[in-house]
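The structure appears below as structure tokens.
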Amino acid sequence: MSKPFKLNSAFKPSGDQPEAIRRLEEGLEDGLAHQTLLGVTGSGKTFTIANVIADLQRPTMVLAPNKTLAAQLYGEMKEFFPDNAVEYFVSYYDYYQPEAYVPSSDTFIEKDASVNEHIEQMRLSATKALLERRDVVVVASVSAIYGLGDPDLYLKMMLHLTVGMIIDQRAILRRLAELQYTRNDQAFQRGTFRVRGEVIDIFPAESDDIALRVELFDEEVERLSLFDPLTGQVESTIQRYTIYPKTHYVTPRERIVQAMEEIKDELVDRRRIMQENNKLLEEQRLTQRTQFDLEMMNELGYCSGIENYSRYLSGRGPGEPPPTLFDYLPADGLLVVDESHVTIPQIGGMFRGDRARKETLVEYGFRLPSALDNRPLKFEEFEALAPQTIYVSATPGNYELEKSGGEVVDQVVRPTGLLDPIIEVRPVATQVDDLLSEIRLRAAINERVLVTTLTKRMAEDLTEYLEEHGERVRYLHSDIDTVERMEIIRDLRLGEFDVLVGINLLREGLDMPEVSLVAILDADKEGFLRSERSLIQTIGRAARNVNGKAILYGDKITPSMAKAIGETERRREKQQLYNEEHGIVPQGLNKKVVDILALGQNIAKTKAKGKGKSRAAAKSGVVEMDMTPKALQQKIHELEGQMMQHAQNLEFEEAAEIRDQLHQLRELFIAAS
């Protein structure tokens with residue numbers, strides 16, 4: 001199943017990349033646990049990491065600070081490794097309200113969640129790839145430090161089928177039910193199976209477009225074949241197949257029975273303590289809720305909120321870390337922490353917020369104390385589990401620098417020859433009028449401007465002022481969700497407007513080559529929005545344009561400003577020197593607007609062609625590229641309905657055509673899901 005990593009790129013490493021690749025590989029081979037890659041905006045950090053992965057041939061997990069950047073990295077890695085397993089592992093909740101209790105108003109909030117099925121399938125595909133092969137790159141968000149099913153139990157539950165094996169039909173159906181597959185002879189979809197005589201069709205939970213047909217003769221498996229679940233066309237016959245559980249949380253029956261006894265013992269102890277403390281209402285509430293859960297587990301093998309009993313189900317002791325995605329990563333795996341100055345503090349903060357909420361639930365009798373062990377990893381547990389790690393950032397934090405022993409791999413020179421922006425400091429008194437004249441200069445030559453302010457009020461007032469003076473301006477603030485944010489960035493790049501105003505504005509990761517000016521108002525107000533790292537990240541947004549410039553408005557130069565200006569000038573000098581020595585003329589980036597959202601777009605087309613079904617990809621490609629993420633979501637629902645209708649009418653050609661369109665649309669939508 002595994003293949004060697006094969007890097008697919010028209011470019012060879014250039015600029016600082018060859019040296020960075022060499023130093024990182026040497027460090028990994030010498031056994032260094034921590035290394036830091038300081039790569040400026042637009043220097044090709046992802047390409048450098050892809051080269052390291054391809055050269056060392058090691059399974060890799062890439063941690064990103066949010067879904068948007070994870071989606072962008074997933075798209076890039078898919079293009080670099082089209083023949084290998086590039087997987088995507090982020091939270092599968094479109095909406096999630098954890099259960100909580102507010103003592104002051106005596107309000108209990110039930111858990112409420114909406115699961116994105118496509119992302120759930122991709123998570124299952126990610127763990128399957130890690131268990132089966134070595135040529136795997138998993139792009140994950142901080143979701144990777146949250147509890148997942150125990151890999152040992154997960155492996156125990158798998159159903160192995162081989163041609164010629166002796167097994168009766170009822171045994172297969174019983175095993176499928178234990179894996180939480182449901183029988184559905186009408187609507188054949190992911191995580192279901194259907195039975196027709198001695199033929200069992202199974203739609204694997206981790207698969208998007210292929211199903212398994214098991215043909216029995218008496219009690220022997222006569223034939224195994226993979227087929228298209230939509231058209232019924234057989235793709236290939238195989239000798240063996242492994243069916244993985246429908247969720248990561250399946251548990252063998254004997255483990256559930258054992259866990260139930262342990263839960264009963266804990267309930268007895270907890271009831272005694274509550275009665276001694278005269279907490280009779282809480283004791284009655286806890287007894288009722290726990291006994292209901294136990295009855296559900298006894299009858300069905302699971303219950304709502306079963307994750308709260310995960311300590312017993314995975315056989316852990318009190319306080320032990322939960323199994324996570326890190327337990328699925330091989331021992332010689334590699335961890336890459338992207339935008340580490342943001343991701344590392346995030347990992348540290350997850351445990352404390354979760355703990356505070358659960359302690360209230362335990363205290364007031366909604367949960368047993370063992371529910372506290374259903375939690376994300378503590379930071380020290382993450383450190384203990386993490387394999388050899390490369391931290392990637394334009395502005396590494398103190399933690400990464402300390403762990404790397406101050407040794408930083410510099411990647412300052414860009415392959416395109418682009419220089420860091422010129423920085424000017426101008427007085428605050430005339431900042432708004434000065435900014436207006438600068439905006440007009442940029443708008444006249446079809447370039448864009450980013451403006452960052454300190455407060456929401458100032459951002460609103462500035463937007464209003466610029467609009468009154470005839471400028472095309474939009475305002476980005478924290479109330480805007482991911483989908484709208486992507487739309488605004490897209491519209492800025494397309495030239496629907498010229499100026500984007502924000503507060504903690506668009507720092508990490510997103511590429512906007514059209515932006516030639518970044519204006520930072522009140523740059524001399526020392527604080528987290530005007531720290532050295534914040535300033536360098538914000539200035540870096542203009543580093544993808546040949547005419548890149550940053551204007552810092554301030555009446556004095558603060559220590560943070562001095563450091564940010566000093567670091568930017570150091571980089572600019574190094575870049576200029578390299579360009580002069582090698583005769584390089586800086587070139588602007590012509591990055592297509594769709595690239596922000598187009599995840600593995602070309603891969604989806606290639607995959608479709610490989611199956612002889614590319615006819616729809618070409619037809620639909622043009623339409624979808626101009627659609628907003630909101631429209632994409634509506635289009636997906638609409639097309640799914642059409643596809644099922646065609647399949648019911650036995651119009652398989654049309655159904656397959658729509659299915660190929662859906663492949664592309666879903667890839668595009670991941671960024672906004």
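Cβ atoms here come from the backbone N, Cα and C positions, even for glycine.
Lifted from Swiss-Prot, the feature list:
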| type | residues | note |
| --- | --- | --- |
| DOMAIN | 26-183 | domain 'Helicase ATP-binding' |
| BINDING | Gly39, Val40, Thr41, Gly42, Ser43, Gly44, Lys45, Thr46 | ATP binding site |
| MOTIF | 92-115 | motif 'Beta-hairpin' |
| DOMAIN | 431-597 | domain 'Helicase C-terminal' |
| DOMAIN | 633-668 | domain 'UVR' |
Original post:
Relative to the Cβ position of Thr41 (ATP binding site), how many further Cβ atoms are located within 10 Å?
Top reply: 23
Original post:
Which one, from the binding-site residues Gly39, Gly42, has the smallest tally of other C-beta atoms lying within 10 Å of its C-beta?
Top reply: Gly42
Original post:
Which chain neighbours of the ATP site, leaving out Gly39, Val40, Thr41, Gly42, Ser43, Gly44, Lys45, Thr46, have a Cβ atom within 8 Å of the mean position of the site's Cβ atoms?
Top reply: Thr48, Ala394, Gln411, Arg414
Subject >> Residues of the motif 'Beta-hairpin' (92-115) by DSSP state, where helix covers H, G and I >> reply: 3 helix, 15 strand, 6 coil
**OP:** For Gly44 (ATP binding site), write down the residues of its own chain that are at least 6 apart in sequence and whose Cβ falls under 8 Å from its Cβ; none is a fine answer.
**Re:** Pro13, Gly15, Gln17, Gln411, Arg414, Pro415
**OP:** Any same-chain residues 6+ apart from Val40 (ATP binding site) with CB under 8 Å of its CB? Would you list them in sequence order, or say none?
**Re:** Ala394, Gln411, Val412, Arg414, Asp420, Gly540, Ala543, Arg571
Subject >> Residue among the binding-site residues Ser43, Thr46 whose Cβ has the most other Cβ atoms within 10 Å >> reply: Ser43
Original post:
For the domain 'UVR' (633-668), what's the model's average pLDDT?
Top reply: 79
Original post:
Long-range same-chain neighbours of Lys45 (ATP binding site), Cβ under 8 Å, sequence gap at least 6?
Top reply: Leu37, Gly39, Asp338, Val392, Gln411
